[in-house]
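Structure first, then comments.
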Ligand SMILES: C[S@@+](CC[C@H](N)C(=O)[O-])C[C@H]1O[C@@H](n2cnc3c(N)ncnc32)[C@H](O)[C@@H]1O
């Protein structure tokens, strides 16, 4: 199986287990991803149309530029990678922009993703990106992956949304397939849920299960990834369980 890679590194990215996930997805449907993250599933799945959503505004801004003006984003990002820069200077500019939704911000987001520690994406309570500099000396410029992702966004019927999962799941109807890959509900207090300033807790996961169940009653198919423990088994007890062996961390995607 030819596995396409995202241009972003992402905590919990599903690139490594995509071959185990794909057989569970029906084809030729409307494919809805409320937690699209780095889009590792989107670039490998085949569907009639796609709704790609995430609550991370910086991520969806980057996807919008990839879709609307690849050349501009590619050149701005390449220049940033090719110039001698101080990581913390770029991070500070990114956290205090003069304008929102610019190509500069999208390029800085890719720069920080590749130059930051382990490709983490974490924000503090003030909404500031606070990942420290990574240790790698040779940083890969993901130009080929950006082009590939952009082509898929452009030439498939893909819509982008920046919103909470409840709104995205509300769009699903008969024939939709919803794939949810939310922040995992682990037993460990230090498990990674820092994608957003507010995190993702037990009640969010319960709400997700309820929204998905409502969508199933409307005729949609719902597929969810999560870690296997007593809490998730309890919350998702109305769904059929498939176990997959996966060691995921932000280094491995
Ligand atoms: C595990 S990652 C998804 C990874 C993706 N499947 C991949 O392979 O690249 C979870 C995503 O959920 C997003 N997220 C967190 N809370 C959310 C919410 N309330 N609504 C929508 N997205 C949310 C995060 O920004 C993050 O991108």
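Cβ coordinates are placed from backbone N, Cα and C, and glycine is handled just like the others.
Annotation source TrEMBL lists S-adenosyl-L-methionine binding site at 10, 14, 54, 181.
Structural mapping of features recorded in TrEMBL.
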residue : record                               : Cβ within 10 Å
10      : S-adenosyl-L-methionine binding site : 22
14      : S-adenosyl-L-methionine binding site : 23
54      : S-adenosyl-L-methionine binding site : 25
181     : S-adenosyl-L-methionine binding site : 21
Residues within 8 Å of the 10, 14, 54, 181 Cβ centre (excluding the S-adenosyl-L-methionine site residues themselves): 12, 13, 33, 35, 36, 37, 38, 39, 40, 41
Three-state secondary structure, which DSSP defines for residue 181 (S-adenosyl-L-methionine binding site): coil
